[in-house]
Amino acid sequence: MRVAIDGPAGSGKSTVARAVAKRCGLTYLDTGAMYRSVTYLCLSRGVDVSDAEAVSAIARTVRIDFAEGQGTQRVIADGKDVTTQIRTPEVDKSVSRVSAVPAVREAMVARQRELGLAGDVVAEGRDIGTVVFPDAEVKVFLTADPAARAHRRAVQREGGNAATSDDANADAATEREILRDLVRRDRLDSTRSESPLRPADDAHHIDSSSKSVDQVVDEVVALMATAIPVHPAAPAGEGDTTAGATQTTGRLRAFRKNSYDDYYDHALRDFPLPGRVLLGVAIVLVGAITKLLWPWKIEDAEKLWEDVQGRVIVMNHVSMLDPVIIAVSLWFHGVGLRIVYKSEFDKLGIVTWFFSRAGGIPVVRGTADLKAVRRAERALRRGECVLIYPEGTRVKSDDEPVEIHGGFALMAQLAKAPVQPVAIVGARDITPAGKHLKRLGRVWCKAGDCIGFDEVEAKGRKARAVAMEKLAMERVYALRDELRREHPGKM
Ligand SMILES: Nc1ncnc2c1ncn2[C@@H]1O[C@H](COP(=O)(O)OP(=O)(O)OP(=O)(O)O)[C@@H](O)[C@H]1O
Ligand SMILES: Nc1ccn([C@H]2C[C@H](O)[C@@H](COP(=O)(O)O)O2)c(=O)n1
């Protein structure tokens, strides 16, 4: 999904775009930083910013990249970290002039599109919704009145943050000067002939003057949740290596410092061999121990492996044994499985290390985590199964209110994959409420038939996804009730 946030200086675009990207697992693209980099290079090389030819020559040859470091996104121009240098008053004064040069814009827009190639991006600037990504699924035009923007910027320049402190003060003279500069820049940015600052016709307008950052972020995330992705994921084999994109092809080599993302984005068959062997050993051991302590059985188990296509397996969640049973069973039948797990588990490095090698895909709960959705979609297209617990967390009693998280239907819909319901009973009894010690006991699962979207009657993509969620969970609970009838007393 592409999210475009445009608006005048100081309206909060960077703050909001960064927070939305973090919350939803998307790449953040600060396009203003790119125009600033060109401006900084001009100033540092003694190039007159009114010399359009000389400025264009720099813009055409510079290579701008973004990298993570020191807790923030770093801006790299021709291999040099310019993150700090591009935020000086000197750059502020000249950047509007530089960014008005058509050849500069042409070069920057081309690089921005390249950086956004992977699709999952929150880009902010002045012309994102109108020029750079006119087909972005969500477009926001963020404004705030000039006085509020000048105050925020003045506080920021003095090392404070108007977003986190209501009574943050700044020197009145500085604030006046910043206000003058902002108004001047607004005028230049919105009246230039080339890609002037203006809202896209289909942009949502948000005035942040009296809203907190969190309120604005919530509004954007809500817009994303109702937007329909229009950019299909790159089919398997078409991964690319541009910044922010995901490399999905090629075997991962052992002992090569592969990142966690490498594991989330690659096919299981491309994982390094030593890791796969180690995982196999762990699965055999865990399978044997759990079978011994809690003899488990899957009724109609062949439904899980007789069909080779990728599918989303949804299941009720009562204990940590639930994913183990499915993972062990599918591994023994050679079916690749990606388990979608809550990113809270990633607080422990060793857990992230193990889950990534085991083919897990982390999801940031309570958000539209589109990166996770895309990863799952690609896995399904490759023929891997995706196991997901729509109940979110373990349900310890039938009286507990349960909220179903619907991302699974979107994954299936995007990948044109079916959804398979599975139920489990007995596992809840092995961890009695309030106790850590496990009890021995039998556990039963039951696999249901795959549900295709052709069984769903609703019209429209969103309505069909919602209908699939409902139908799949009804089937899960019907299977669970069948198991309870067959094995009375088991929960
Ligand atoms: N809703 C808000 N309420 C209060 N302060 C905010 C709000 N949004 C952003 N800020 C603060 O305002 C300052 C400017 O925000 P930010 O840099 O995100 O604006 P911007 O639109 O990206 O500006 P520019 O286009 O010049 O880069 C920051 O210190 C930020 O913390
Ligand atoms: N897409 C963009 C982004 C930025 N600019 C110009 C306008 C600003 O004056 C300058 C710096 O941007 P900021 O860092 O303040 O967001 O760059 C543009 O023309 N188009």
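In case you wondered, yes, glycine gets a Cβ from its N, Cα and C as well.
Bear in mind that TrEMBL entries carry predicted annotations, made automatically and left uncurated.
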Exercise. If you check TrEMBL, which stretch out of 83-105, 152-174, 382-404 is marked region 'Disordered'?
Worked result: 152-174
For this session: Within 10 Å of the Cβ of Lys13 (ATP binding site), how many other Cβ atoms can you find? Include all protein chains, please.
Result: 27
Exercise. So which of the binding-site residues Gly7, Ala9, Ser11, Thr15 sit close to ligand 2, that is, with a CB under 6 Å from an atom of it?
Worked result: Ala9
Exercise. Which residues, same chain and not among Gly7, Pro8, Ala9, Gly10, Ser11, Gly12, Lys13, Ser14, Thr15, have a CB within 8 angstroms of the centroid of the CB atoms at the recorded ATP site?
Worked result: Val16, Glu124, Leu142, Ala144, Arg149, Ser208
Exercise. If you average pLDDT over the domain 'Phospholipid/glycerol acyltransferase' (311-427), what do you get?
Worked result: 91
